[in-house]
Amino acid sequence: MAFTLYSLLQAALLCVNAIAVLHEERFLKNIGWGTDQGIGGFGEEPGIKSQLTNLIRSVRTVMRVPLIIVNSIAIVLLLLFG
Amino acid sequence: MQPAGLAAAGTPRQRKWPSKRRIPVSQPGMADPHQLFDDTSSAQSQGYGAQRGPGSLGYPAAAASPQAAFLADPVSNMAMAYGSSLAAQGKELVDKNIDRFIPVTKLKYYFAVDTLYVGKKLGLLFFPYLHQDWEVQYQQDTPVAPRFDINAPDLYIPAMAFITYVLVAGLALGTQDRFSPDLLGLQASSALAWLTLEVLAILLGLYLVTVNTDLTTIDLVAFLGYKYVGMIGGVLTGLLFGKTGYHLVLGWCCVSIFVFMIRTLRLKILAEAAAEGVPVRGARNQLRMYLTMAVAAAQPLLMYWLTFHLVR
């Protein structure tokens with residue numbers, strides 16, 4: 001049973017990196033998940049798709065700088081300790 | 001409850017401190033056995049005693065002479081006073097800031113349990129079929145402490161059950177000659193990782209379905225921790241009666257936890273529908289129903305996944 005907290009941390013870092021590399025113009029707009037497509041006003045139900053779009057946009061905005069730091073640390077540590 | 005009792009019990013004993021502690025500064029081990037946190041120096045004990053203002057009226061006067069006997073010059077007197085005030089400031093700072101990282105006051109609510117509650121809750125976890133009323137009682141907008149309401153979530157049972165699960169896993173591995181001490185840490189880490197993953201997945205699900213619920217993260221951790229009780233039961237039966245016992249008890253506990261989770265989460269997630277007691281059609285309610293079913297169905301799966309390698 002090798003599922004440890006450390007592997008969870010690694011998986012989380014990789015997932016956040018994956019969300020961060022989704023390009024707004026080249027990719028998200030083409031599949032209709034762009035941030036200016038159909039947000040809808042102050043209606044009652046945001047719906048899953050707009051929640052997901054918002055989530056992706058927020059993660060990309062908020063985690064941009066911390067990801068740089070955490071990735072640099074991870075690179076250095078993995079180079080040193082394998 | 002407990003600090004008041006300690007202070008009350010500590011007050012008459014403080015008057016005994018000068019007689020017990022006058023001479024041995026070098027023997028920190030000789031302390032009042034009923035005190036939970038011992039001061040290991042007379043200087044610090046005087047500063048600590050001075051903090052408990054009302055109870056220690058007789059103390060500084062009685063301690064003045066032994067202190068004077070040790071510290072003749074005023075400089076070290078001042079240094080001692082400064083040191084004790086620094087310690088008090090540090091304690092204050094920690095107390096003030098600990099609330100930012102660990103919500104201590106909120107956590108205290110989840111540990112306000114007593115034996116009767118624990119007994120009834122364990123019975124409910126193994127046999128939830130006859131319980132009628134699953135609503136948590138409120139008292140002026142705050143939920144009632146678990147001691148008074150069996151439906152309230154608590155963190156005592158999940159914490160104890162988690163630790164017991166790790167120990168029982170060690171026991172099971174030991175009976176199969178597969179034990180080594182780092183395996184205990186691996187089991188604990190693995191179970192914690194699954195718990196964290198579950199909590200994150202459910203939080204993501206709650207966010208996506210835009211549920212307006214008062215289900216806090218700690219509540220969620222409490223509910224997800226209840227499955228460890230069934231896991232312990234299954235593994236212990238597996239140790240005593242072999243694989244058939246394990247499968248029987250684990251199957252029973254899986255169904256019980258499934259029913260328990262559905263009935264508990266229904267009130268939290270499907271608030272409007274549950275209030276009427278009638279399943280309401282509609283896209284939003286359907287999504288919420290799916291979410292509740294998914295959460296409840298994940299429990300038996302995880303219970304099996306985390307224990308099947310322990311019973312051979």
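Cβ from N, Cα, C; glycine included.
Please treat TrEMBL annotations as automatic predictions, because they have not gone through curation.
Feature list (source: TrEMBL):
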- B:1-54: region 'Disordered' (REGION)
- B:13-23: compositional bias 'Basic residues' (COMPBIAS)
- B:38-48: compositional bias 'Polar residues' (COMPBIAS)
- B:155-174: transmembrane segment (TRANSMEM)
- B:186-208: transmembrane segment (TRANSMEM)
- B:220-241: transmembrane segment (TRANSMEM)
- B:247-266: transmembrane segment (TRANSMEM)
- B:287-306: transmembrane segment (TRANSMEM)
Positions on the same chain near the transmembrane segment (B:287-306), where near means CB under 8 A and six or more residues out: 165, 190-191, 194, 198, 202, 205-206, 209, 211, 224, 227, 230-231, 234, 250, 253-255, 257-258, 261-262, 265-266, 269-270, 273, 279
Distal contacts, the transmembrane segment (B:220-241) - CB-CB under 8 A, six or more residues away: 110, 122, 125-126, 153-155, 157-159, 161-162, 164-165, 168-169, 171-172, 175, 191, 195, 198-199, 202-203, 248-250, 253-254, 256-257, 260-261, 264-265, 299, 302-303, 306-307, 310-311
Distal contacts, the transmembrane segment (B:186-208) - CB-CB under 8 A, six or more residues away: 162, 165-166, 169-170, 215, 217, 220-221, 224-225, 228, 269, 291, 294-295, 298, 302, 305-306
Tertiary contacts of the transmembrane segment (B:155-174) (same chain, 6+ residues out, Cβ under 8 Å): 107, 110-111, 113, 118, 121-122, 125, 146, 183-184, 187-188, 191-192, 218, 221-222, 224-226, 228-229, 231-232, 235-236, 238-239, 306, 310-311
